[in-house]
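Below: the structure, in structure tokens.
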């Protein structure tokens, strides 16, 4: 399966002490495909996202990204992998309040050794693509919730990731703004050939993805 | 109990995520403030107690007709040690109590010695030993000899005279200067201690405001929380001071070590500390929370703060001018005003300079560490300067004092000794303040940065990048502002001395180098207090 899918997990099991987070999940996402992960709260959606993204390591099972076994990498290697090959969008954007939008987007590139000039240049291009060219010098506190989330999307995509993970990316937005944001995220990421995994409670968000995975009690209940 | 008081106490008991670390940091910093305040007041009172016991020895040039005794003082050497000999001829031995520390008034030929001198007394057994009621220090080497008459006498009108000798007067003036110079660092620390806990509350209180709580209710709730933390800190500080008293008593200032009872806190000082420290910390917290209670949305959304004005630079002129006008001959009060104004100028100009440095640094940065640190400094220069304000002000103190460091040769050795110990003590106090302030600031910053740091770590940004930027943001104000301030301190010292450098030898240079090195090491070490908090708070 890993030959076709850019991102996959096989037999994923994760425990939190005696509590079962994941109880044997299989999942695969192809390049340019968006997968919505749904299910009741506390049933393993975010755990699955964290395991696939290399933030958590599974107790059993395997995670593959573009032919590379992720779960066996050490912490430093997984950190580099997340920085260079993955992108993240969080519910409350988690931008750095001190930095203007362009520097927030440029930061992951600069951490990776790209010069400031090049990083800012690429960040501004990315901001233009998400419709925020005029807001590049503004700080997160001076942007609307939807604009701040678009900055977060620009930050997630600026490194040309192979997979993008979004945890309730529209959870803090109204329905109309949320729809714009998810369209932008899925459209921009899949257009670049990235696999997208979106954890959501929102059926409208799920409807904009190619497939939906239902997780209940740490297991896949329907695909 | 009002609902807000109840809620405030509940928040102290259950402070929420990160709240416990913030409260502990605030409590620790407040305890240091209480300890320092107690030390300064109890130490000053100790000097007075010490002086009162031996005040009669200074004589008061009383009218011989009404005098109760005549004395003559001589320095002599006994068993290789410098000893003070006091010849005492009492005028009305049967009508008055004996001098302090003696069990009876010495008759001609009787000799009383201090306990330390008794160990080395070479002559026949002395008549008696002077008790601590008649000595300035347990190490004092003094002999009181009863004589029939004194050559070239000075007359005493009372055993309880409070005439201070010149050394004590010098020490008290030095203490007054010292208090003026460490006042701002201590007040900064109070603000820092209150600020750490207050920052944790900002969002909670802003949410309460958004939910309909009035400005007064929000401020009252904060006051209750901060008062509890301040009171706990005051108790810890007082206990700490009491535990450390035997060690403090070993500081050989003003004529030797101290009797512990000289520096023991009285009940009223305990009361003052228990009331003053919580009040100070409540006031600091409320000032810090003004923003929340007035514009709750502003804090929740993290809008740009107003830039600090360059007009602050004008303050730098006042201190040197006042000191230059009054010079060395001035009374103590104008000099203290001059030094105080200069220290205030440093406190006010510091954040402006930090903002300038931050903007420049962020503008020139080519890597993430310098960019993050620069933006952090430019975004909140007051917050960035507060933890290091004490250290920067200590640079001012050092620069100031470095102009007045004699080398002890050809000058009064006792004065030189006191000055040297006093400078060491003063810098120790400031460094203690700085350590507490920096550590509290580092914990506060770590808690502030926890959520975005967690997001950055998940996105593959190494924790080291975030930690290094925090360290750089802590050290840069010390170097960028602290070093020029050392020069400003020296300028104020020169203004006071009329351009004359009193310092001889290399003691001033050694003092300056020691200050800079110790300060940087201190900030680096104390700043590390934030690392485990950041690591834990930003963990996956």
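Glycine is no exception: its Cβ is also placed from the backbone N, Cα and C atoms.
TrEMBL: automatically predicted annotations, no manual curation.
The model shown is predicted, which means the values in this text are computed figures rather than measured ones.
Listed in TrEMBL:
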DOMAIN    B:179-293  domain 'ABC3 transporter permease C-terminal'
TRANSMEM  B:21-42  transmembrane segment
TRANSMEM  B:168-197  transmembrane segment
TRANSMEM  B:218-244  transmembrane segment
TRANSMEM  B:264-289  transmembrane segment
TRANSMEM  B:310-327  transmembrane segment
TRANSMEM  B:384-405  transmembrane segment
TRANSMEM  B:425-451  transmembrane segment
TRANSMEM  B:472-496  transmembrane segment
TRANSMEM  B:508-534  transmembrane segment
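Here the transmembrane segment (B:508-534) has Cβ contacts under 8 Å with residues 18, 21, 25, 388, 391, 394-395, 398-399, 401-403, 405, 423, 427, 431, 434-436, 438-439, 441-443, 445-447, 449-450, 453, 463, 466-467, 470-471, 474-475, 478-479, 482-483, 486, 501 of the same chain, all six or more residues outside its ends.
Recorded stretches compared: B:218-244, B:264-289, B:384-405, B:425-451; the one with the most Cβ pairs under 8 Å to the transmembrane segment (B:21-42) is B:218-244. Counting residues 6+ beyond its ends, the transmembrane segment (B:384-405) has Cβ neighbours under 8 Å at 181-182, 184-186, 188-189, 191-192, 195, 339, 342-343, 346-347, 350-351, 354, 358, 376-377, 419, 423, 426-427, 430-431, 433-434, 437-438, 440-442, 473-474, 477-478, 481-483, 485-494, 496-497, 501-504, 507-509, 511-512, 515-516, 519, 522-523 in the same chain. If you take every residue in the domain 'ABC3 transporter permease C-terminal' (B:179-293) and average the pLDDT, you get 80.
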